[in-house]
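What TrEMBL records for 21-39, 45-66, 78-97, 103-122, 142-162, 174-191, 203-225, 285-318, 330-353, 446-463, 475-494, 500-521 is transmembrane segment. Per TrEMBL, the feature domain 'O-antigen ligase-related' maps to 288-454.
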Amino acid sequence: MIDVQSNILASEGARVARARYPYVLLAILCILIVTYKLFIQHGLAGALLLLIVAATAFFGLLDFLYRSRGNGGRRSEMHSLAVVSFVLTLLLGEFGSATESNITFLVSVWKLLILVLLCFVVRADSAHRFVLLRSVVRNPVASAFVLTVCAVLLTSTLQLIVLDVSVKGCIRAITFYGSLLAALYCAVGLLRQKADFALARTVFRWVLLILIGFAIFEMISGFHLPTSWLNGDDPTALAKQNQIAGRGIWITATGPCYNQNDFCLILAVIGCLSLPSRGESRFRFVTALVLVTLDLVLVASLGSTIVSMGMLAAVALWGLAFQWRLRFKTAWITCAVAGVFFVSGVFFAQIGVLAELVQGSSSAATGPAAGSTAVLNDFAVQSATYEQGYGSMWMRLTLYQQLISSIGANPLGVGPASIHAFLTENPTASGLIDPHNWWLEFALEYGWIPALLYVSFNILLVIKLLRCREACDGYTLSICAALCAMYVGSIAPSSSDFNVLLWIPVLLGCAFLLSPMGRCVGPDRLLDRG
């Protein structure tokens, strides 16, 4: 009897291992792609190791796909693998679009991977007489998305023909936004059932956990990937390195991105997409809340004021919309605001102690810097410097005034990827050549019509998602929270055009509204538990 039970457990364990095998290979490939520069820095040995591991994982995936060919029992596994691949493809595109990143080739890689997934979706949809494609055309939100992107494509083409703009920028815009249309079709085709959205949410949570762990490792050890600006020869980066070496009270983490603002925006959006829904088990619900809270504390500790405020507002609105008892709402929000910033200071101080033990007294930070790591202190410092005519807040607001004037003077836009050249030729009092505002950047580069369509589309998307908040067990609230964090946090990075992250919540929202759950017709549409 014991032997029979042991055999059953062994066979069950082997089945679970086989089911997880392709996902592990996908994760390995993604990690290798993002960290490839680290291997290249170690010369031929590192390059060979990278090639061997990547080839092993790649051919392992090909072997799985070949064995699954024509196997009806594995169609669900193939679909789940495609869903995970789609989410990871979008995230890879985000990591490659960070300003001055050394992995900008990922911007092209994600477009290629989207085309591969597009072939998979088209083949499946053709068997049903392209019912998904017709649903995209009939749905008002998806149609608004398509109209907005088509306006951008048309404007970029006209700018290329009529205006003296960057040819490379126009081609990149056409390929990027064309890939977004393909990504919408893939999202609608792959994210159809309850399990598909639950699987996508699980991927976001695992990615978030890995990023948080790596960020803490960075803060303790002082190690940063080659893609980080701290490993460059920029004067500001060199000054920060000297500050660390001189026991300056300063710690940061950039993850796989170029700077901490880009990294914090990724953490904020992925964190909001990891928020739980009512249909999950208590264990998953609590675990997700703990993970998101840790994420919020980390973002606040890294000192990105705008992203921290955006994420805190998003999580607070998510809690309010969850329709908890009224007497707990105000108390919960108040405790969240006070607690996050208090815990972030304590968290940062403890990280400083660990960093001192690991790095030694010559290069460690020992506690939070007043006015730089605590978000509330940073906001107070920026307000004070603004009154005196300098500082980050003063520079941004001064820049925004000229950007608004420039938008009014350029109804057709100045061209994609041309804003740096425009601000260089038309300098502002702030001296900044980066827009530091996605909304103004989009309007100035593509003109009035795409900007108005983009704003109108986002308003329509949020309204439709909020209308479905009850029928889908609150799942759309996490998408709305991610949109809120993106709307506010997109002001933080230097430049955001061709940033895939800004479109991930949009694609998920459109896919949800076109799925059976998006019809908002009752409890049978709720997400699966677990």
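For all residues, glycine too, the Cβ spot is worked out from N, Cα and C.
Just so you know, TrEMBL annotations never went through curation; they're auto-generated.
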Leading stretch by Cβ pairs under 8 Å, where the reference is the transmembrane segment (174-191) and the options are 45-66, 78-97, 142-162, 475-494, 500-521:
500-521
Is the transmembrane segment (78-97) close to the transmembrane segment (21-39), in the sense of at least 3 CB pairs under 8 angstroms with a sequence gap of 6 or more?
yes
Let me spell it out: take the transmembrane segment (45-66), skip the flanking residues so only those 6+ beyond its ends count, and list any with a Cβ under 8 Å from a Cβ in it.
21-22, 25-26, 28-29, 32-33, 36, 38-39, 78, 81
Interface present between the transmembrane segment (78-97) and the transmembrane segment (500-521) (three or more C-beta pairs under 8 A):
yes
What is the average pLDDT across the domain 'O-antigen ligase-related' (288-454)?
71
